[in-house]
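This report concerns only the one structure given below.
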Amino acid sequence: MKILRKNHPLLKIVNHSFIDLPTPPNISSWWNFGSLLGVCLMIQILTGLFLAMHYTSDTTTAFSSVAHICRDVNYGWLIRYLHANGASMFFICLFIHVGRGIYYGSYVLSETWNIGIILFLTTMATAFVGYVLPWGQMSFWGATVITNLLSAIPYVGGTLVEWIWGGFSVDKATLTRFFAFHFILPFIITAFALVHLLFLHETGSNNPSGLNSDSDKIPFHPYYTIKDLLGILLLLLALMILALFFPDVLGDPDNFTPANPLNTPAHIKPEWYFLFAYTILRSIPNKLGGVLALILSILILAAFPLLNTSKQHGLIFRPITQTIYWTLIVNLLVLTWIGGQPVEYPFTTIGQIASITYFTTIIILMPVSNTIENNIIKL
């Protein structure tokens, strides 16, 4: 009798992707975060669907509809906090996933890497439009400030901003379209994630040693399904602790106040996971320059495959580049910290130094260290 999972047209796809997939035998827990991102996406879509059943995308009722969800809907408070903190868990997993890709040289699989960058940008867009929906003070002013950055584009900037707003300021039209975007984008992310997996399975996964493991692969199931399951349980534990014990720790207190266009918050800032890019934006005195630096802070990830000249795969045997890599990680933490501080001395200066260091590390220091290490190998 033929094995159904190997012959059925639909089950065959699942089988080749999650059951009989040849996998390197030595991939560590850092490889768990891809599956965790899939779980985060599913949690966000499901909780978001239930929130959308009770939310109203109207400026007069949006804030009170969120309060209604928390107070009157059965377990509405739990769904809302799982969704809000689920976004934070999503970005934690995303940053670790990208960091692992840089450390172990996964960017050599260029199609997978580039689809990943598109996924990163789409996720950031989804999170941004979602942050506007509760219509609190920081939601409103965050939307105003960030969308207004498009006015820096020469000639078409002003028209483009009004086109996105649907009027002359952030108002009802803006909220309605942001809700529509926030609803559709996760499904686009899901489609891109499948393409991401498709390209990954064309080449096979990388591994910590950076060596070819074709001769020594093992089936994905049961070895890595059980490993992923443990990761998922730990992720759910962390998410439940966050949502049940510290639900507002990552939020902004200003969002407990309904949006008021006549009253500006003392310090406008986005969610914590955008602070590194926000610092880079603020560090450049010129508006257009700041916007370009903001975009480049993410798109610079596409430079990794182009700037890679190393004869070794990954950083496991490369101590010089390892040091530079961890400097980059600390630098990103500094950028995140500065983004949450007011625009005054010494924070502005620290932010400018950290922004310059961020780009210098990736564009200059890493390629130079590659060349030095290549020459050391020849000795």
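Including glycine, each Cβ sits where the backbone N, Cα and C put it.
Database features (Swiss-Prot):
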type: TRANSMEM; residues: 33-53; note: transmembrane segment
type: TRANSMEM; residues: 77-98; note: transmembrane segment
type: BINDING; residues: His83, His182; note: heme b b562 binding site
type: BINDING; residues: His97, His196; note: heme b b566 binding site
type: TRANSMEM; residues: 113-133; note: transmembrane segment
type: TRANSMEM; residues: 178-198; note: transmembrane segment
type: BINDING; residues: His201; note: ubiquinone binding site
type: TRANSMEM; residues: 226-246; note: transmembrane segment
type: TRANSMEM; residues: 288-308; note: transmembrane segment
type: TRANSMEM; residues: 320-340; note: transmembrane segment
type: TRANSMEM; residues: 347-367; note: transmembrane segment
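Feature map: annotations from Swiss-Prot on the structure.
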{"residue": "His83", "record": "heme b b562 binding site", "Cβ contacts under 8 Å, 6 or more apart": "Gln44, Thr47, Gly48, Leu51"}
{"residue": "His97", "record": "heme b b566 binding site", "Cβ contacts under 8 Å, 6 or more apart": "Phe33, Gly34, Leu37"}
{"residue": "His182", "record": "heme b b562 binding site", "Cβ contacts under 8 Å, 6 or more apart": "Gly48, Thr126, Val129, Gly130, Leu133"}
{"residue": "His196", "record": "heme b b566 binding site", "Cβ contacts under 8 Å, 6 or more apart": "Thr112, Ile115, Gly116, Leu119"}
{"residue": "His201", "record": "ubiquinone binding site", "Cβ contacts under 8 Å, 6 or more apart": "His16, Ser17, Leu21"}
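Between the transmembrane segment (347-367) and the transmembrane segment (33-53) there are fewer than 3 Cβ pairs closer than 8 Å, counting only residues 6 or more apart in sequence, so the two stretches are not in contact. Where the transmembrane segment (178-198) meets the stretches 33-53, 77-98, 113-133, 226-246, the count of C-beta pairs under 8 angstroms peaks at 113-133. Long-range contacts of the transmembrane segment (77-98) within the same chain: residues 30, 33-34, 36-37, 40-41, 43-44, 47-48, 50-51, 66, 69-71, 116, 120, 123, 127, 130, 235, 238-239, 242-244, 247, 250-251, 271-273, 301, each at least 6 residues beyond the stretch ends and with a Cβ under 8 Å from a Cβ of the stretch. Below 8 angstroms of C-beta separation, residues 55, 57, 62, 66, 87, 90-91, 94, 98, 101, 106-107, 139-140, 142-143, 146, 170, 174-175, 178-179, 181-182, 185-186, 188-189, 192-193, 195-196, 199, 270-271, 273-274, 298-299, 301-302, 304-305 of the same chain, each at least six residues beyond the ends of the transmembrane segment (113-133), sit close to that stretch. Away from its own ends, the transmembrane segment (288-308) comes close to residues 98, 102, 105, 107-108, 110, 113-114, 117, 120-121, 124, 149-150, 152-154, 276-278, 280-282, 355, 358-359, 362-363, 366-367, 370 of its chain (Cβ-Cβ under 8 Å, at least six residues beyond either end).
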